[in-house]
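Down below is the structure, laid out as structure tokens.
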């Protein structure tokens, strides 16, 4: 998914100062408070263009006072003391609190997904041998289908391109909003399975790719997994200069018995959490210090994945093929 491009509002230069300009209409003086009150009723998507009127309007529109008023009107709460352009970004773009993944329940077959390493996957609508998809859960978007293993396992991914937008890169690198991933998984009533959720990072510096992934593992014992369970990851520290995020999930049946479609997944979510943004610390001169990356850190509601697994295909003397998972330690 390509995130909306936008010219950085903080980069727009101020214009020539005139202490009276913009405060008089038909020779009648209008107090700043009244102008701010009026501006707060305009469409937030149109406000930025009016900052070109004069220096005073530029100051009003690029102020915490105005955008905190708009924030309170929409969310019925007071925002943190953040720069105005962060509130602008929340109210006018799809950067934050929105699911950036597409086709999370297989409603478009396999559109937007890439099947990895020969994995097999199919769409079940409704799921077979599992409880129905809980339609009251927002992540399912009232869809009743899911992805399911076929012939033992599947492994697929979706790329989220952050684009070349300097505004969003500035925010991500400077404030490091938390990245949230989640998905619902279940298993056929008479089978067991292992489900894995991972998030990878593609950096702009392709000569030095970041190899570690945030990963979670959910193991389902045989005959215990027909109920849908939500798996979550919250990434709190991650590399700088990210160009893409990779949502990657994988599932395989504990006992391979042919095409019995054991593992089920649906309701995929990946988003940046605006509420995780905190005001930056300042140095002795009052200059803000951006958050610095040291190591990948994340939390999950299940077991953390400390190693990766690759699928290895074996051929028996009589020509029969079977597959198994071989583990290896992630390179730091």
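Every residue gets a Cβ built from N, Cα and C, even glycine.
TrEMBL: automatically predicted annotations, no manual curation.
A quick note: this is a predicted structure, and the numbers were derived from the prediction, not measured.
Here's what TrEMBL has on this protein:
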DOMAIN    24-70  domain 'F-box'
DOMAIN    88-274  domain 'FBA'
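The average per-residue pLDDT of the prediction over the domain 'F-box' (24-70) is 89, rounded to a whole number. Broken down by DSSP into helix, strand and coil, the domain 'F-box' (24-70) contains 31 helix, 4 strand, 12 coil.
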